Every structure is written in structure tokens, then in C-alpha cells.
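These come from Swiss-Prot:
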MOD_RES   Met1  N-acetylmethionine
MOD_RES   Ser5  phosphoserine
MOD_RES   Ser22  phosphoserine
MOD_RES   Ser25  phosphoserine
MOD_RES   Ser28  phosphoserine
TRANSMEM  39-59  transmembrane segment
TRANSMEM  73-93  transmembrane segment
TRANSMEM  108-126  transmembrane segment
TRANSMEM  136-156  transmembrane segment
TRANSMEM  165-185  transmembrane segment
TRANSMEM  195-215  transmembrane segment
TRANSMEM  227-247  transmembrane segment
TRANSMEM  263-283  transmembrane segment
TRANSMEM  290-310  transmembrane segment
TRANSMEM  314-334  transmembrane segment
MOD_RES   Ser372  phosphoserine
Amino acid sequence: MEAESPASAGASEPRALGTVDSIGSQLSRIRRKLFTWDILKTIALGQMLSLCICGTAITSQYLAEKYRVNTPMLQSFINYCLLFLVYTLMLAFQSGSDNLLEILRRKWWKYTLLGLADVEANYLIVRAYQYTTLTSVQLLDCFGIPVLMALSWFILRARYKVIHFIAVFVCLLGVGTMVGADILAGREDNSGSDVLIGDILVLLGASLYAVSNVCEEYIVKKLSRQEFLGMVGLFGTIISGIQLLIVEYKDIARIQWDWKIALLFVAFALCMFCLYSFMPLVIKVTSATSVNLGILTADLYSLFFGLFLFEYKFSGLYILSFTVIMVGFILYCSTPTRTVEPPESSVPPVTSIGIDNLGLKLEESGLPETHSAVL
């Protein structure tokens, strides 16, 4: 075996150092792209929404398991009433085209359909638990994400890159890990009374959520957050109130009211109200799709709280699932999607995710935000 000459050894050393420097610069570039202040802020906002959803799940489960109270429509009705009292009345005192009566005159039927989609999405998902399994609900509820992306493509004219589809796949892989952890931990102990009906309810509910979220993104970016919440509060109160009298009046009559049950209802309503109030703000600076990816962690937060409140069994797969979902969420937020305008429009294309969307740029520059005249 021949010994390496000093000349060749000296030549290989700079090449090795160059390779190390190249790898280091690549890692540094990736780190700067993935861990910017704006992406970290987006992550924090998404997890704030997840905690709101976690609060609604914990209070609902506590009502169901400890007090045998199963009234999802009543709980939703209280939330819609709060939205009505705050945002609908706010619209009533607006002037011009933003006034409540003017909005109703021009677009009442559109907001009726939006309110119906939002109310029934909430109701169908909760009702599905009576028929199918926890695993089915967790997995099939993710069906709303591809539906949301498809609706965003055609309605909002969002254009995705390969990295976005990879990120969504990674997030769904994290959900699969969470479901596997549930099965191993023994939480999947309910076979369901009619799995097919339950699965159909989940798919319908997830699809209606997607419709509601796309409409929400359009309205908060083109019109205003107050208009969306005010109209959802108005029509949600009417629709859920009617449905409440039809499907839950017997369940409500059987409730043995005390201060603990009342406190749980108040806690649920506050969590739901915060979720509805903050979600448009987050969607405005990101997108409906990124928000839905971020709140996939809500079930995991509920599981972590359930370790103490409901004596769930812990599994290391929950930590792995949380990590995988967050990796997918960061990947999605790292690259902005592109929004194409109709051919006849002279408006330049804008991005619709992260810090690059038009709404946030207007906020940062201090310019007034333009409002579209149509929904």
C-alpha cells in the first residue's frame, strides 16, 4: 500500500474544509429560513388557537363524563350569542356600506349559507362521536385539509408549491402517529353504534369546516373581520337556536344545574369566543390552510391535560406526534403560497401565507386596507 504524498494530503485538506464550510452555510441558510421571528410568531398564534380548542374539548368532556351533560348545540348557541352581542351590535352602529342593515340588504342569503355551514360543521363532528370511533374522527377530520386546499385553489386562487404538499403530508403523518398512540394507550375502547353513519358525519362536518374557513379567509382579507364575526354571530344564533329547540330541548330540561356546571358552560363559551375572535386575525396574516395545520396539535394538548384530569395513559408517541406536526407546520410556513389574480384584473399578485400576505403588509406600512364591494 503506497503512502500518501504530502502534496496530495495538502490538496485534500482544503477540499474537506470547503465541504464542511459548504454544509455549514447550507444549514445556516435553512435555519435562517425556518426560524425567523415571523414564522415563530405564526407558530405561537397557531398554538394559541390550539389551546382555545383544547379548552372547549376539556370542558365538553368534563360535562359529559362527570355530569352526563351532552348539549353541543346549546354550547354553540351560547358562543353565537356572544358573537352577536359583541360583533353584530358593532356592525349595527357602523355607517355606510359597513352598516348591518346595508350588509343584510345586499348579502343576507350568502351569510345565511355561511352561518348554516358553520353551525352544522360544529354539530356534525360532535354528533359523530356517538356513532363511530375516536380514531375515525381524528383521521377523517383531516379530510378537511385537502378539501380546504382545493377550495382555496379555485376560490381564493392560491397556488401551492411542492414543499406545501410535503408539509401537509408530514402533518398528516403526525396525526397518524397520534392515532397510533391512542390505540396503544387503550383510548380506542368504543367501537361505535354505527360506524358508517359516524364516518359520513365526520366527512360532511370536515367539508363544511373547509367551506366556512375559505369564506372566512376571503371575508377577513377582502372585507373585514367585524363583518365576518357579526354575520356569523347573527345567523349562527338564529340557526343554532332553532336547531336547539328541535334536537336538544329534552337534554337541556334534564340538566341538574349548579354552579360547577354553569362554570363549565362559561369556560366553554369563553374558549369558543376567543377562538372565533382570534382566528380571523391569524388567518389574515397567514391563510386558512396554515391555521388548520397549526391546530392539529389541539388534540395533543387535550391528551396532555387528560393525563391529569381523566387519567389517560401516557405514550412517548404523543411527543413524537407533536414534533412531527410542528415540523410540517414550519415547513408549510417557510415558503409563501402565490395568489394569482383573474386575467382581467390589473391588481398585482400577492402571497397569502406568513408575513407576505397583503393584509399584514398594509398593517406594517400603516396604509388603509381596501375593502371589496362584493363577498
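Glycine residues also receive a Cβ, built from the backbone N, Cα and C atoms like all the rest.
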Which of 73-93, 136-156, 263-283 contacts the transmembrane segment (39-59) most, counting Cβ pairs under 8 Å: 263-283
Cβ contacts under 8 Å made by the transmembrane segment (195-215) with residues that lie 6+ beyond its boundaries: 114, 117-118, 120-125, 127-133, 136-137, 140-145, 147-148, 151-152, 155-156, 228, 283, 288, 291-292
Remote residues contacting the transmembrane segment (314-334) - C-beta distance under 8 A, at least 6 residues beyond either end: 33-34, 39, 42-43, 46, 163-164, 166-175, 177-178, 180-181, 184-185, 286, 289-290, 293-294, 296-297, 300, 303-304, 307, 353-354
Interface-richest range of 73-93, 108-126, 165-185, 263-283 toward the transmembrane segment (290-310), CB pairs under 8 Å: 165-185
The transmembrane segment (227-247) touching the transmembrane segment (73-93) per 3+ Cβ pairs under 8 Å rule: yes
Whether the transmembrane segment (108-126) meets the transmembrane segment (227-247): three or more C-beta pairs under 8 angstroms: yes
